[in-house]
């Protein structure tokens, strides 16, 4: 059977389910796809995934870390959604920190029978740390709770929890429903109130989660992978465009690894030996730079729109430390630990200068906030992902949560 062409007519938004173990994240993911597949939402489209298909998530590797993660896609009349679901708690932490699947918005699933639990809090905290901008709440298992007052109480608790982590707890949509109830209604061919709750959730996602700014509309940035000298023409840098657009004649800055950025002009752009009149995100290109010597530029710097990104040495980060079983360290590390930090194409030694209060050491398998000082400045911004390596192996992954210099 021929594959359907990916239609770019609808806005694209990345979402994912988060929340405590057994509160029904995978069941909800299944219910969303099956309600849409049943044609019960006008303009909606999906392939129905059973719970088992979502729960046995395939393994993926991101920055040297193995994560179990399921990707599904579906459409409402307004949008195309890419949706991620992770079976295990550790998988969520790893996914959110490595950015294996970035989220424009998250669906926080809370069991009405239990209310917010420890992992509910941890996921909301992480969502805040790694900049998931919007959260929509699905209060699941409402078919198991007869007491209206209990539902009110759980909703209040969830709103307070969101406010505590700087989400607008009073404005966040909270949908009361039952994912399993919706699947049962579909099975009995009698869509009712629980299928209605899934439709309500989709509507809340469409209305409440804004469409993210497209990569192509952001300021241009390309991590430099390689530098060549072409006799008679000058210096060429190669790399893959991360965001924005570059056209011949554009002014650019070379940022990182040196104290000051270097201004230059992109005189010509090539891809697969053909000259390009514009480079877009994802393009692997070579850029000829005006008046730049081969020694003025190196791998690990970035080529960027002037003024759009600065180089920094000090930052705070949320880090996941690989366990011994994942090929990580076998022993803890302490303040003054000095591994290599990999940002895009840059590989720079840094020192862990601060751990959270009361934390003396970090064990393999931990998820921790720490402060780092690099020996050379790197083009950094909040939300940037990195890997931590020592002796050629990955021992951790992190995300920059705050620039400190």
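The backbone N, Cα and C atoms fix where each Cβ goes, glycine too.
If you look up Swiss-Prot, you'll see 10-213 marked as domain 'tr-type G'.
Annotation comment: Swiss-Prot describes 19-26 as region 'G1'. Across the region 'G1' (19-26), the model assigns an average pLDDT of 92.
If you look up Swiss-Prot, you'll see 19-26, 85-89, 140-143 marked as GTP binding site, on the strength of sequence analysis. Following the DSSP three-state reduction, the secondary structure of residue 89 (GTP binding site) is helix.
Positions annotated as Mg(2+) binding site by Swiss-Prot: 26. Note: residue 26 (Mg(2+) binding site) has non-local neighbours 17, 51, 54, 55, 70, 85, 87, i.e. same-chain residues 6+ apart with C-beta under 8 A of its own C-beta. DSSP assigns residue 26 (Mg(2+) binding site) to a helix in the three-state reduction.
For 64-68, the entry in Swiss-Prot reads region 'G2'.
What Swiss-Prot records for 85-88 is region 'G3'.
Residues of the same chain lying 6 or more positions beyond the ends of the region 'G4' (140-143) and with a Cβ under 8 Å from any Cβ of it are 23-24, 27-28, 109-113, 151, 176-181, 194, 197. The region 'G4' annotation in Swiss-Prot covers 140-143, and the record cites similarity to another entry as its basis.
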Binding-site residues: 25, 89 - member with fewest neighbouring CB atoms within 10 Å: 89
